[in-house]
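Chemist: I have a structure here, written as structure tokens, and I will follow up with some questions on it.
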Amino acid sequence: MDLTPFEPFLDRLGRSGLGAWRSTLAASIALRLGARAHGDLPRWERALAQLPDLPSARSRLDRACVGLQGAGALDADLGRSLSEALMVLHPWRKGPFCIQGVHIDTEWRSDLKWDRVAQAIAPLADRLVLDVGCGNGYHGWRMLGAGARLVMGIDPTLLFVLQWLAINRYLERDDLAVLPLGIEDLPGDLTGFDTVFSMGVLYHRRSPIDHLMELQRLLRPGGELVLETLVLEGEGERLLVPPGRYAAMRNVWFIPTVDALAVWLGRCGFTGIRVVDVTPTGQDEQCSTAWMRFQSLPDHLDPIDSSRTVEGHPAPVRAVLIANRPEASP
Ligand SMILES: Nc1ncnc2c1ncn2[C@@H]1O[C@H](C[S@+](CC[C@H]([NH3+])C(=O)[O-])CC(=O)[O-])[C@@H](O)[C@H]1O
């Protein structure tokens, strides 16, 4: 894979207030693509090439199932070749997507998280947005649906980049991209986003305070951070560092209470810190489906006591916190 699929977005970025970083970002993407050859990439690229042309239809970014809505049902053969090509990109974790009657029923009902977040954030109209750890871009599409001017998603997992390319083969937008980058690959002086989302990422970072500081630097003064992460329920400053896996995940490092998170944000210099949602993750939000056939949340909870993970930790609860970069440095 080369830079070609990212160029329309990079051109658009070049014309935005972030144009100064176009060439450094392009160089980082080229570097990461060179370093991240994946054995399955040729198979995924063949699937992309096999996606069929579809009759013209209306794109829908403003409802739970993101995608394309046509006037009628697709011809059965066309529907089958579309499903088969998309299924090569299994596992589909984030969604759902509906492409002219083909319903990609993903592991996560990401629309439920979006509903919790969207009602609490500053209106996205005309904002430059960064979505760190954006997966296949599901929330990015919803951000465009809410009026964002440009959404730069970054995610180091190449399969999710390919899933975004598959969806964008039909939605044809140049104002959203899933760039194959980790947050550590971003230029050290990049800044200027109006809103930065970090959802489902903090607990994967070994240095959570550094992550919060990086997110702050990426914002323009006064810009808004939307932080969504696993939390421990209860009052006071407490922290779980799982000694091994957490709900079968190997890379979960820190699960703080919301009080501890608020202190961390304050220590990093954020202002206007508020907790806008705390919700246990239910099996209606995360489970195996035909499009994600591996094990999922129900398999990772204690079969007798679903308030505990299989390791005996409290079952997943997620919080959304909002905070602002100060207008001027103290
Ligand atoms: N260093 C990194 N830099 C950026 N992203 C990373 C890094 N390491 C892993 N990721 C990516 O962070 C994402 C975490 S999932 C959240 C998806 C979405 N935000 C959601 O809220 O549904 C967790 C969850 O399932 O909630 C994955 O796509 C990783 O590839």
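The backbone N, Cα and C atoms fix where each Cβ goes, glycine too.
Note that the coordinates shown come from a computational prediction; the quantities given were computed from them, not determined experimentally.
So TrEMBL has the following annotated:
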BINDING   Lys94, Trp108, Lys113, Gly133, Asp155, Pro156, Thr157, Ile183, Glu184, Met199, Tyr203, Arg318  carboxy-S-adenosyl-L-methionine binding site
Chemist: Are any of the binding-site residues Asp155, Thr157, Tyr203 near ligand 1, with a Cβ under 6 Å from it, and if so which?
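Modeler: Near the molecule: Asp155, Thr157.
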Chemist: Would you find the one among the binding-site residues Asp155, Glu184 whose Cβ has the most company, meaning other Cβ atoms within 10 Å?
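Modeler: Compared across Asp155, Glu184, the most Cβ atoms within 10 Å surround Asp155.
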Chemist: Give me the count of other Cβ atoms within 10 A of the Cβ belonging to Tyr203 (carboxy-S-adenosyl-L-methionine binding site).
Modeler: 22
Chemist: Does DSSP give Lys94 (carboxy-S-adenosyl-L-methionine binding site) helix, strand or coil?
Modeler: strand
